[in-house]
Amino acid sequence: MDSEPEMTTTTNSNNIAFKITISILMVVTGSLNTIAAKWADSLKSDGRNFNHPFFQAACMFLGELSCLGVYYILKYSRKNRNQDLENVATTTVNPFIFLPPAFCDVFATSIMYVGLNLTTASSFQMLRGAVIIFTGLLSVAFLGARLKPYKWLGMSIVCLGLVIVGVVSIVYEDNPEVDINAMITGDILIVTAQIIVAVQMVYEQKYLTQYDVHALYAVGYEGLFGLSILGALIPMFYFIHVPKTFSPDPEHRLENILLALKEIRDNPIILLPLGLTVVSIALFNFAGISVTKSLSATTRMVLDSVRTLIIWVCSIPLFGEEFIPWQIVGFIFLINGMFIYNDILIGPYVRSKILPMMSESSVVTIFCGNFWRSSDSANDSDRESLVNGENEE
């Protein structure tokens with residue numbers, strides 16, 4: 001008689017433990033991904049920093065590609081055990097539908113790695129919050145989305161936070177070895193890359209959501225195409241010469257794969273952050289997918305905010321970044337803007353606690369009610385899961 005309640009309790013406990021585990025895994029691996037990239041940038045070989053953004057991007061896509069292997073292992077193991085295939089894609093789709101987003105991913109990731117070489121890890125992570133602004137604007141322009149007033153407020157606050165983070169990191173930089181112009185260029189590149197990321201997200205919303213595709217399948221094929229594209233481009237980049245700001249290579253090549261391999265041979269420690277990039281991006285995608293499925297996209301958004309904070313805190317001792325109190329203000333604006341946009345905490349609190357206390361006939365009450373009105377359709381929910389980064393790196 002008592003065995004069934006005990007079994008239910010055990011199942012619930014295991015479920016809670018799983019949710020906690022994947023949440024921690026997402027925060028840790030997501031933080032490690034950015035830290036590993038900056039660690040690789042800071043290592044030296046032959047007196048030069050390891051500055052190979054396209055090679056590092058290829059490592060990231062290798063990590064994404066590993067998700068495809070995990071997908072097929074899960075798929076065939078379930079088939080062999082005749083288990084329910086609920087968690088496996090049930091619709092056969094042409095993998096080439098992942099080619100356009102893979103192109104976007106290649107260019108956005110490569111640009112971001114170039115930017116990361118020029119600026120700090122904390123600024124890199126915070127400035128990536130600009131994707132919310134561009135995704136919202138592109139959704140309005142190309143998908144006919146109607147953003148609720150509080151979303152426009154959230155986007156405006158995020159924009160203000162981005163300005164504070166960018167300006168503060170430049171104004172308070174007093175290291176004579178740091179090229180301020182290069183740092184400004186890096187910040188601009190990171191924000192520009194978010195436009196490409198937003199295009200990728202809007203494409204995925206418009207086309208990929210039409211199919212019942214497992215996220216590991218989508219991430220894996222985007223990794224396959226991304227690695228293939230970079231594999232074709234990197235040899236060509238060897239013959240492209242750029243200003244020394246973008247390449248410490250003696251011959252100022254856009255990407256010198258031969259020099260990268262030589263530097264790894266001369267300083268094998270470089271393999272550690274590169275390997276950490278591959279492993280962390282694979283685990284991060286798995287954890288992110290699991291969080292979205294088991295908890296919610298908004299929970300993933302909150303955890304991603306924690307990741308930004310961890311990267312910022314860790315960058316101070318690890319990479320010698322200066323603690324600038326004003327960055328806290330920028331971070332607070334960023335997080336509050338993201339929370340408002342995604343209707344987390346603030347909107348629900350206003351609707352449940354403040355509006356019931358106000359006079360129903362008041363003009364202010366009517367205005368606030370319309371302003372903070374929650375999403376009322378499944379499509380809105382789907383759109384938010386996309387904006388929160390179903391396929392984030």
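Glycine residues also receive a Cβ, built from the backbone N, Cα and C atoms like all the rest.
Annotations in TrEMBL come from automatic prediction, not curation.
Feature annotations, courtesy of TrEMBL:
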type     : residues : note
TRANSMEM : 16-35    : transmembrane segment
TRANSMEM : 55-74    : transmembrane segment
TRANSMEM : 95-114   : transmembrane segment
TRANSMEM : 126-145  : transmembrane segment
TRANSMEM : 152-172  : transmembrane segment
TRANSMEM : 184-203  : transmembrane segment
TRANSMEM : 215-240  : transmembrane segment
TRANSMEM : 269-289  : transmembrane segment
TRANSMEM : 326-350  : transmembrane segment
List, by number or range, the same-chain residues at least 6 past the transmembrane segment (269-289) whose CB is under 8 A from its CB atoms?
22-23, 25-26, 29-30, 32-33, 36-37, 39-40, 43, 45, 50, 56, 59-60, 62-64, 66-67, 70, 215-216, 219, 263, 300, 389-393
Is the transmembrane segment (215-240) packed against any residues at least 6 beyond its ends, judged by a Cβ distance under 8 Å, and which are they?
54-55, 57-58, 61-71, 74, 89, 95, 98-99, 101-103, 105-106, 109-110, 204, 208, 253-258, 285-286, 289, 292, 390-391
The transmembrane segment (152-172) versus listed stretches 16-35, 95-114, 126-145: most Cβ pairs under 8 Å:
126-145
For the transmembrane segment (126-145), find every same-chain residue at least 6 residues outside the stretch whose CB is under 8 Å from a CB in it, and list them.
112, 151, 154-155, 158-159, 161-162, 165-166, 187, 190-191, 194-195, 197-199, 201-202, 205-206, 308, 312, 327, 330-331, 334, 337-338, 341, 383, 386-387, 389
